[in-house]
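Features reported for this protein in TrEMBL:
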REPEAT    A:80-114  repeat 'PPR'
REPEAT    A:184-219  repeat 'PPR'
REPEAT    A:287-321  repeat 'PPR'
REPEAT    A:322-352  repeat 'PPR'
DOMAIN    A:502-597  domain 'DYW'
Amino acid sequence: MNLFKRMRELGFEVDGFTLSGLIAASCDCIDLIKQLHCFSVSGGFDSYSSVNNAFVSYYSKSGLLKDAVSVFYGMDELRDEVSWNSMIVAYGQHKEGAKALALYKEMSFKGFKIDMYTLSSVLNAFTSLDHLLGGRQFHGKLIKGGFHRNSHVGSGLIDFYSKCGGREGMSDAEKVFREILSPDLVIWNTMISGYSLNEELSEEAVKSFRQMQRVGHRPDDCSFVCVISACSSLSSPSQGKQIHGLAIKSHIPWNRISVNNSLISMYYENGNLQDARQVFDLMQERNVVSFNSMIKGYAQHGDGTEAFLLYQRMLDSGIAPNNVTFVAILSACVHCGKVSEGERYFNTMKETFKIEPEAEHYSCMIDLLGRAGKLEEAERFIDAMPYKPGPVAWAALLGACRKHKSLALAERAAKELMVMQPLAATPYVMLANMYADAGQWEEMASVRRSMRGKRIRKKPGCSWIEVKKERHVFVAEDWSHPMIRQVNEYLEEMMKRMKEVGYVMDKKWAMVKEDDAGEGEEEMRLTHHSEKLAVAFGLMSTRDGEEIVVKKNLRICGDCHNAIKFMSKVAGREIIVRDNLRFHCFKDGKCSCGDYW
DNA sequence: ATAGGGTTAG
């Protein structure tokens, strides 16, 4: 911009090319673009289509869709292929897939030439619409035209299938990938990203990352972001650490900030809050995401105080919170029962920051109130929220009812859930347990009958632990782990010692699965919950001082929570368990959640 | 002058 001013002072002629270059250089600076726009109109440059096209594109990139639209429609007969392409991209960037597709149809109807730019942008529109069928049909057309091997179209297809393809999405993506003769770095990254977005394929993300290096590509910052985020859900701390080392060695150029952001969540997801904080502290530059990630880390570990401090520090450093910040901070309140703080943040969000609370924020509030025992307020909240309460909201309420033994409200919440998620086992299991707890055996039996009638089965509990850089999986009442016999023996021995120091098994957590279980059977089932097995395996195969981090797919059960407290005491070890809601750090017979969960 | 991949949230 300074150069531009000098140029004019020195009397040089400004032409369309100068302007287009300038517009590109002022991306993200809204004032500059607006200034240039005024200048170009007053100088008559708005008769060049290239100048207008540049404005369409860069207004959109700066978040000003409306201005892009008005330039586009103001162009009339000046509109060329590039204008149409730019506008389709602009709609895609703002998640207006339907408008992008309409524009594509109009464009072809009017006889404009469709090129690779158009095709890859249209694919993007299908992705933003999550329109599997439409995208699939479009894929067919691309094959007929022989465009599917083009690298931009190819990565667009991979991205589309990995995001919209559902369960089989990645295998469709793999098919596209195999068709491409020499995949470039972006195509590899798209594959890695796809695997990391499909949580159960995280391991494939890492394999793919290694394979990419083997065939001679140097990973860039984007490759690292994708593979590190895959490591977050992998529950394999050593894998994540290794890739962190690799990232440091490869001197990734520009955007170190997003790499660090993904490292923060990778570390706290693996139970290592200290290393997450260290990454955060060492960053030279941070953005909203950095703070959000770190706050979320503290929230999941139940450290409200540190989360609040960080929030304050974020404001002090001039970074504005966004909707995600408030999900993180509210969930911190949920996990440590800070009701009045939560209410305050909820109001601040609306009043000070003018952020409209979304369904997630309401669910957090319901969770917060309910868990704290304010069931009536929680119910009022769910009835008054401006969205149709979704499964997350009802599940939060149901969880609260279970905790505070409110059968009537639980029945309502469970009923709603059963309608919304007809195949989910949770509402049935919860209700049955609550009836059993209250001694209402007939009601319990009826819930179980209807569950069986609908062929709904409880998802088996699954726990993971990494020992000596190897991942081990334990499934409740499953004997397939090669060392399961030794684990059971160890566990039995440990149970004896635990009982000596006061552990009493709480049998109400033995979920009655099929028919009546006999006395001994309940005990056996509880003993073989996956988290107990994984913890026992961790204890017997590591030495004092080594960390034990177990990850579980479901919520930790009450008896296991109590048992692991005793295990930490009897073995004199620190044990970290991450269930699907938060972290529990057991030490000296106590849990970091303070039994508030 | 226009096209492909990325970080946080439940």
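Using the three backbone atoms N, Cα and C, a Cβ is placed for every residue, glycine included.
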Worksheet item: Are there residues at least 6 beyond the ends of the repeat 'PPR' (A:322-352) whose Cβ is under 8 Å from a Cβ of it, and what are they?
Response: 288-289, 291-292, 295-296, 298-300, 302-304, 307-308, 311, 314, 358, 360-361, 364-365, 367-369, 371-372, 374, 582, 593-594, 596-597
Worksheet item: Taking all residues of the domain 'DYW' (A:502-597) together, what is their mean pLDDT?
Response: 87
Worksheet item: For the repeat 'PPR' (A:287-321), what are the DSSP-based totals of helix, strand and coil residues?
Response: 26 helix, 0 strand, 9 coil
